[in-house]
Every structure is written in C-alpha cells, then in structure tokens.
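**Student:** Sharing a structure with you now.
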Amino acid sequence: MKLAPSILAADFGHFARDAKRLEVAGADYLHIDIMDGHFVENITFGADVVKAIRPVTKCLLDCHLMVENPEKYVDSFAQAGADSMTIHVEATHHSHGALQKIKAAGMRAAIAINPGTDISAIKHVLNLVDMVLVMTVNPGFGGQKFLPECLEKVRELVEIRDFQGLDFEIEVDGGVDDQTIVACREAGADVFVAGSFIFNGNIEENIEKLRAKLL
Ligand code: DX5
Ligand code: ZN
C-alpha cells in the first residue's frame, strides 16, 4: 500500500524543498494536483512545476489533471518528467484515446471519477489503465470532508479487477486522514492521497500516523 502526499497543501513558494522532505519522510508517490479553473473552479499550476520538482526526488510523480481536454497536455507532462498522468472521465469525450496517448508517451495512465460518476463510465478503459482514482470529495480544493459513500466504488473495482484478472491500482483522494484511511483500506484501496492531514502540523509525524494505519 502506498502513500501519496498531495503538494496542493505544501508551501507554494517551496515546492522543491517540500517534495524532498516528503520523500525522506517515506512518501511513495508525490501527488500533484493540476487545476485549470474550468473543469474545476480553482487554478493551481502546470507542467513547469512538475519539471521543477523532477530533479529533487525519485518518488513517482503522480499528476492528477483536473483540466478539460487533458489529451492536449500529454506531451508537455511527459517532457516535464511526469511518471503517471491521471485524467478525469468527465473532462474529455476521448478518454480511451487520451489514455492510449499517455501510454504511448511512456507514462503510467490513470482514470479518475468524481463522486457523482458511476463505475460504468470507465468500465471500457479498465483494461488500459495502471490506476483508477476514486475521488472521495468533489475535486477542486483541499481540506474538504471525506465522502464515505464513494467507497462503494472502491469495493466494486476490487471485484471487477479480480473477476477480469486486471492489475490496476485503486487510489483514493480527498479527505483522507488517520481515521478515514482505515475505511479506505478496508474497502480495498491501494494508494492513499492526503494533503491537509499531512501538512497540518509535523509532516514526518503525520506520515507516520497514516503509515501506522496501513500495517
Ligand atoms: C482535490 C485534490 C486532492 C487534494 C486532497 O481536488 O484532488 O488531491 O489535494 O486534499 P485533502 O487531503 O486536504 O482533502
Ligand atoms: Zn488529487
């Protein structure tokens, strides 16, 4: 099981410093939230920030694109050094083609679904992806309340993966803390994103608190 701290909650003036600190503290993936102000209300940053972080860490750079038409940005993220690119099924008419493009660019490809989206929307791309991101808040902002009803989709994905003999990871994102992570683990998630819980207080201690719940 993997921990993926979200740098959305980091100090925007010191991404490289915080990325290094998260790696040393035991992060598996660094979760990088890209928001365009269209697909979601908020605007964060783009491939240039990925490029700036790349040289300071060996962690897998897990780029979560909350942007419309994400297929337009595949090349720039690959060139910036992203390892994994997650696109939202709600953000493109061409999720299958976009995922193929991500794989062809040499990255891991992942598909994300919002709380209001059913698993049926992604069933035809499950054979293509390395990871499915189940949002456990509505995307756009850190620090929101965890939505436990989304875990039903994690359980469904575990069943489908077993039944079809697939091997994608299941990631949960939004409102994950040292309490809600237990329900996520029990539902069958493999990768746990956490932003505000990790950055609110001592980063190393908070990562340890989450890790302890995964043992
Ligand atoms: C929300 C982002 C999340 C966010 C999680 O749209 O996708 O990755 O950083 O933050 P917390 O852990 O604070 O809910
Ligand atoms: Zn995210």
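Just so you know, glycine gets a Cβ as well, placed from its N, Cα and C.
So TrEMBL lists these for the protein:
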BINDING   S6, H64, G140, F141, G142, G143, D173, G174, G175, G195, S196  substrate binding site
BINDING   H31, D33, H64, D173  divalent metal cation binding site
ACT_SITE  D33  active site, proton acceptor
ACT_SITE  D173  active site, proton donor
**Student:** For ligand 2, list the binding-site residues among G140, G142, G175, S196 whose CB atom is within a distance below 6 Å of it, in sequence order.
**Tutor:** none
**Student:** How many other Cβ atoms sit within 10 Å of the Cβ of G142 (substrate binding site)?
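**Tutor:** Other Cβ atoms within 10 Å of G142 (substrate binding site): 17.
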**Student:** Measure from the CA atom of H31 (divalent metal cation binding site) to the CA atom of S196 (substrate binding site) and give the result in Å, rounded to a whole number.
**Tutor:** 13
**Student:** Report the same-chain neighbours of D173 (substrate binding site): residues 6+ apart in sequence with Cβ closer than 8 Å to its Cβ, ordered by sequence.
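**Tutor:** Correct list: S6, H31, H64, A112, L133, V134, M135, T136, V137, V193.
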**Student:** Please report the distance from the Cα of G175 (substrate binding site) to the Cα of D33 (divalent metal cation binding site), rounded to the nearest angstrom.
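**Tutor:** Between the alpha carbons of G175 (substrate binding site) and D33 (divalent metal cation binding site) there are 14 Å.
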**Student:** At a 10 A cut-off on CB-CB distances, which of the binding-site residues H31, H64 has the highest count?
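**Tutor:** Output for this query is H31.
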**Student:** Just to confirm: which same-chain residues, 6+ apart in sequence, have a Cβ under 8 Å from the Cβ of D33 (divalent metal cation binding site)?
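**Tutor:** The answer is S6, I7, L8, T44, H64, M66, G142, G195.
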